[in-house]
Amino acid sequence: MVQKTSMSRGPYPSSQEIPMEVFDPSPQGKYSKRKGRFKRSDGSTSSDTTSNSFVRQGSAESYTSRPSDSDVSLEEDREALRKEAERQALAQLEKAKTKPVAFAVRTNVGYNPSPGDEVPVQGVAITFEPKDFLHIKEKYNNDWWIGRLVKEGCEVGFIPSPVKLDSLRLLQEQKLRQNRLSSSKSGDNSSSSLGDVVTGTRRPTPPASAKQKQKSTEHVPPYDVVPSMRPIILVGPSLKGYEVTDMMQKALFDFLKHRFDGRISITRVTADISLAKRSVLNNPSKHIIIERSNTRSSLAEVQSEIERIFELARTLQLVALDADTINHPAQLSKTSLAPIIVYIKITSPKVLQRLIKSRGKSQSKHLNVQIAASEKLAQCPPEMFDIILDENQLEDACEHLAEYLEAYWKATHPPSSTPPNPLLNRTMATAALAASPAPVSNLQGPYLASGDQSLERATGEHASVHEYPGELGQPPGLYPSSHPPGRAGTLRALSRQDTFDADTPGNRNSAYTELGDSCVDMETDPSEGPGLGDPAGGSTPPARQGSWEDEEEDYEEELTDNRNRGRNKARYCAEGGGPVLGRNKNELEGWGRGVYIR
């Protein structure tokens with residue numbers, strides 16, 4: 001009976017097997033064998049299970065074995081588009097190498113590219129740190145600029161725009177929040193309670209400071225627009241407007257004019273550019289306060305001077321500013337100028353005292369003010385200065401400055417970029433001069449372009465030493481001789497006529513050295529009249545720079561014998577006592593006669 005039932009059930013699976021083989025005849029032998037194996041292992045047939053497994057397996061194979069033509073075509077299209085975009089980006093990068101610099105920025109944040117940043121060309125993004133300088137050539141798209149890091153050996157690449165940096169910052173903050181949440185959830189109760197206790201003990205003071213830091217970081221932009229070439233500004237050894245400081249800075253200006261002839265623009269700035277703070281210029285409510293205060297410069301004059309400096313820097317020439325009002329690096333720390341601060345340092349206060357006293361009573365009576373200003377500069381950390389010139393010999397200090405500026409020139413002028421057009425530079429400098437305000441109208445166009453005119457100081461006075469780090473009410477500075485200052489007292493700086501009275505006629509006839517046989521056209525103020533050069537007010541004959549070792553009796557004879565600038569042995573800073581300075585007390589005056597600020 002059992003056999004009959006088994007025999008009667010036999011045709012059913014065979015009848016079920018036929019349509020399956022018709023549906024898919026190709027795997028007939030394989031699946032027939034598989035079914036035979038099931039029969040031998042089990043006493044009864046399991047055709048339902050076999051057929052179900054067959055259908056499931058067949059459907060999976062049909063799904064995976066069917067390559068989606070649309071997916072393949074999409075992938076190919078995406079790859080082709082990516083390669084084409086990369087090719088165009090590389091071509092645009094290559095063209096940007098010879099394009100002029102559109103503008104420059106100073107970074108407030110750092111950037112290290114990662115694969116997920118979607119750089120137009122992988123591996124060509126620029127890495128930079130905070131306080132680096134970037135030359136921007138052009139805008140590639142809304143997320144990326146094309147430019148280069150101002151550093152020797154760096155080529156053009158892709159720089160994230162402020163929009164891109166903000167988006168990357170937001171993504172990073174989201175990841176940090178998620179990590180904190182996951183770490184807090186994974187922590188056990190004991191660690192969380194311990195963390196609460198620790199944070200509870202710190203809650204009284206830090207939250208306010210943390211909020212302040214958060215606000216300050218939120219409002220800081222990633223980039224600050226700065227001049228394409230950082231302007232060079234000299235400070236020290238004491239206050240400007242006094243003979244010792246003026247003649248030392250004048251010697252360096254003379255050196256720069258000849259060493260970088262054709263590559264430097266030297267211009268005088270009489271406006272108080274320390275007022276050009278971003279917080280002041282961007283806040284209209286502060287404009288009224290400054291306009292009402294007793295300042296020597298209006299905001300319109302300051303803004304005009306800043307624009308003129310930016311225009312001069314666009315030529316990619318070196319720009320040196322003879323700024324009357326800048327005596328401390330803190331005055332420019334919050335401006336957009338980002339200058340190269342050169343600190344002329346006299347290490348020994350005794351040497352500075354001897355130099356001041358050697359200039360006569362007119363300078364000695366202001367000894368305390370100058371010493372206090374020198375001490376104020378000496379207290380600054382070295383990070384506030386780009387170059388510190390503390391050499392004893394003038395020529396050593398000049399070479400130190402020249403090495404720094406040569407390196408900066410190479411960093412701003414890579415070999416791949418085309419050299420600037422001298423005619424364009426001269427035209428732009430002259431145009432910038434024409435747009436300059438009245439206080440700097442005495443500047444000459446050729447002097448801005450190639451440094452052919454002499455520098456000039458105006459009669460004026462200085463504020464107290466404690467005022468020059470940037471107080472808005474009483475900014476320091478020089479006042480034009482045609483506008484006598486309203487303040488007077490022991491802190492009043494000497495007028496130019498006062499300083500000349502302390503010198504001999506031979507001192508007033510001396511001038512700085514000119515290369516070759518060229519003459520120097522002396523500029524004079526209306527209040528001075530003749531007396532800087534010859535009695536008729538003409539030009540001063542070229543002379544070599546004096547040395548502290550020159551004897552007073554031999555000075556007039558040496559002026560006619562030695563006119564070679566290369567033989568200059570002038571020493572502008574010395575350490576120690578008398579034996580280091582020279583042979584007698586009169587040798588301190590040789591500096592002032594050989595190189596005198598006009």
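From the backbone N, Cα and C atoms, a Cβ is placed for every residue, glycine too.
Note that this is a predicted model, so its numbers are computed, not measured.
The feature compositional bias 'Polar residues' is assigned by Swiss-Prot to 1-17 (among others).
Taken from Swiss-Prot, the feature region 'Disordered' covers 1-79 (among others).
The compositional bias 'Low complexity' feature in Swiss-Prot is assigned to 43-53 (among others).
If you look up Swiss-Prot, you'll see Ser44 (among others) marked as phosphoserine, on the strength of similarity to another entry.
The feature phosphoserine is assigned by Swiss-Prot to Ser47 (among others).
Annotated compositional bias 'Polar residues' per Swiss-Prot: 54-71 (among others), in sequence order.
Note: Ser73 (phosphoserine) has no non-local neighbours, i.e. no same-chain residues 6+ apart with C-beta under 8 A of its own C-beta. Sequence annotations record features per position, and here Swiss-Prot assigns phosphoserine to Ser73 (among others) based on similarity to another entry.
Taken from Swiss-Prot, the feature domain 'SH3' covers 100-169.
The annotation region 'Disordered' is assigned in Swiss-Prot to 179-223 (among others).
Here Swiss-Prot flags 182-193 (among others) as compositional bias 'Low complexity'.
Mapped onto three states, the DSSP output places Ser186 (phosphoserine) in helix. Cβ-based neighbour count (10 Å, all protein chains) for Ser186 (phosphoserine) stands at 8. Taken from Swiss-Prot, the feature phosphoserine covers Ser186 (among others), and the record attributes it to similarity to another entry.
The phosphoserine annotation in Swiss-Prot covers Ser193 (among others) and rests on similarity to another entry.
Residues annotated as region 'Disordered' in Swiss-Prot: 466-586 (among others).
Summarising the annotation, Swiss-Prot assigns phosphoserine to Ser547 (among others) and lists similarity to another entry as the type of evidence.
Taken from Swiss-Prot, the feature compositional bias 'Acidic residues' covers 548-559.
Across the domain 'SH3' (100-169), DSSP helix (H, G, I), strand (E, B) and coil residues number 11 helix, 25 strand, 34 coil. Each residue in the domain 'SH3' (100-169) has a pLDDT score, and their mean in this model is 95.
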